[in-house]
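Q: Sharing a structure with you now.
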């Protein structure tokens with residue numbers, strides 16, 4: 001038995017300078033696991049609740065001392081003495097202890113920090129890499145990265161309505177080569193951005209945030225950077241978008257202020273279809289607002305056979321909502337964000353449900369990150385085959401890529417890089 005003997009939480013800072021929760025879990029053997037929780041900027045209304053203090057005199061109200069206190073008292077007192085290897089039981093205990101549907105009493109930032117730290121301690125106790133502890137001894141695949149190279153929307157202070165324009169290297173035979181491809185494109189994009197007279201400062205997720213004329217200009221710049229780096233758009237590298245459409249959905253209309261357009265759900269679906277016809281786009285995330293289920297159905301019927309349609313704000317890593325989407329034929333993929341639901345067990349259940357339904361699952365960071373790289377191990381351990389963890393700058397993003405490099409080295413010839421096979425439910429061009 002790997003008995004838990006102590007749990008200690010503290011307030012640390014995330015990549016935006018906002019407080020978040022970090023937890024240490026100590027086992028009887030002396031082994032310790034440590035985990036830190038991320039935080040989002042554009043959030044779904046049905047996400048598990050991130051408990052903030054609301055004291056304007058500290059961190060503009062964003063302090064997490066109450067969440068830390070909840071870990072150091074009630075959670076710690078409940079879990080000390082339990083076996084760290086009983087992850088599912090521990091997570092159920094956390095859920096029952098909180099007693100609310102959205103973890104609003106203890107805070108999902110409190111429960112997740114503990115859930116993750118316990119898993120890390122148990123993996124260390126078992127002498128296993130974290131990805132093996134999650135996934136067992138079977139064959140594993142490295143994830144294809146979604147690399148956010150141009151930021152807009154809530155992640156940048158510019159006129160681009162679409163929140164993220166991303167690249168996905170698919171023709172490579174290893175993650176290492178895919179990462180090199182992405183880095184080379186990123187550096188060529190910086191040169192092109194500078195040449196056009198745009199600032200080369202970066203947004204929350206490490207991508208550039210130029211004040212471009214619209215989505216098409218952003219995508220053309222990315223295609224030019226791909227070509228300048230010696231790769232072929234559509235063959236070596238595919239494109240992906242995160243619309244974060246809930247952010248510009250107003251009174252039943254999609255208001256693209258940067259484009260000067262106001263569109264119905266059908267009109268916005270047509271707009272996205274036109275982009276997909278003009279550019280080698282393979283994936284669109286949150287292409288409709290989270291509450292526009294009719295719009296989501298329209299989009300899925302129109303594009304769901306040829307594009308990955310990812311529900312982020314739509315599903316919020318929640319199996320109950322995902323099940324509704326599966327039943328209604330809405331979207332064909334789910335974005336997995338561990339802090340949207342608040343425990344590892346619930347996160348893993350969402351991935352499993354998606355796979356059983358033929359949906360893909362994309363493991364994701366948040367715009368407010370830390371140096372914690374657990375999502376890299378989750379992506380490999382669960383054979384998710386896709387990861388979204390930002391651009392090729394900022395150490396809070398690079399830490400995940402570097403962990404994936406270590407995992408690939410550790411697995412050697414036994415691991416594959418799926419490339420286009422990551423989109424197993426599509427007719428990928």
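Any Cβ shown, glycine's included, is placed from N, Cα and C.
The model shown is predicted, which means the values in this text are computed figures rather than measured ones.
Dumping what Swiss-Prot says about this protein:
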type     : residues                : note
BINDING  : 163, 337, 366, 367, 388 : (2R)-2-phosphoglycerate binding site
ACT_SITE : 205                     : active site, proton donor
BINDING  : 242, 285, 312           : Mg(2+) binding site
ACT_SITE : 337                     : active site, proton acceptor
Q: Under a three-state reduction of DSSP output, how is residue 242 (Mg(2+) binding site) classified: helix, strand, or coil?
A: strand
Q: Return the count of C-beta atoms lying within 10 angstroms of the C-beta of residue 337 ((2R)-2-phosphoglycerate binding site), excluding that atom itself.
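A: A count of 26.
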Q: Ranked by the number of other Cβ atoms within 10 Å of their own Cβ, which of the binding-site residues 163, 367 ranks first?
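A: It comes out as 163.
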Q: Beyond the listed site residues 242, 285, 312, identify every same-chain residue whose Cβ lies within 8 Å of the center of their Cβ atoms for the Mg(2+) site.
A: 163, 164, 241, 243, 244, 284, 286, 310, 313, 335, 388
Q: Distance check, please: Cα of residue 367 ((2R)-2-phosphoglycerate binding site) against Cα of residue 205 (active site, proton donor), rounded to an integer number of angstrom.
A: 6
Q: According to DSSP, does residue 367 ((2R)-2-phosphoglycerate binding site) fall in a helix, a strand, or coil?
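A: The residue in question, residue 367 ((2R)-2-phosphoglycerate binding site), is coil (DSSP, three-state).
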Q: Looking at Cβ-Cβ distances, which residues of the chain lie under 8 angstroms from residue 312 (Mg(2+) binding site) while being 6 or more apart from it?
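A: Counting only residues 6 or more apart in sequence, the Cβ neighbours of residue 312 (Mg(2+) binding site) under 8 Å are 44, 242, 244, 285, 286, 334, 335, 337, 364.
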Q: Sorry to bug you, but what's the C-alpha spacing from residue 163 ((2R)-2-phosphoglycerate binding site) to residue 205 (active site, proton donor), rounded to the closest Å?
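A: Cα of residue 205 (active site, proton donor) to Cα of residue 163 ((2R)-2-phosphoglycerate binding site) measures 11 Å after rounding.
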Q: Pick out which of the recorded positions 205, 285 has the most other Cβ atoms within 10 Å of its own Cβ.
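A: Answer by Cβ density within 10 Å: 205.
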Q: Give me the count of other Cβ atoms within 10 A of the Cβ belonging to residue 242 (Mg(2+) binding site).
A: 28
Q: Let me know the most crowded of the binding-site residues, choosing from 366, 388 and counting other Cβ atoms within 10 Å.
A: 388
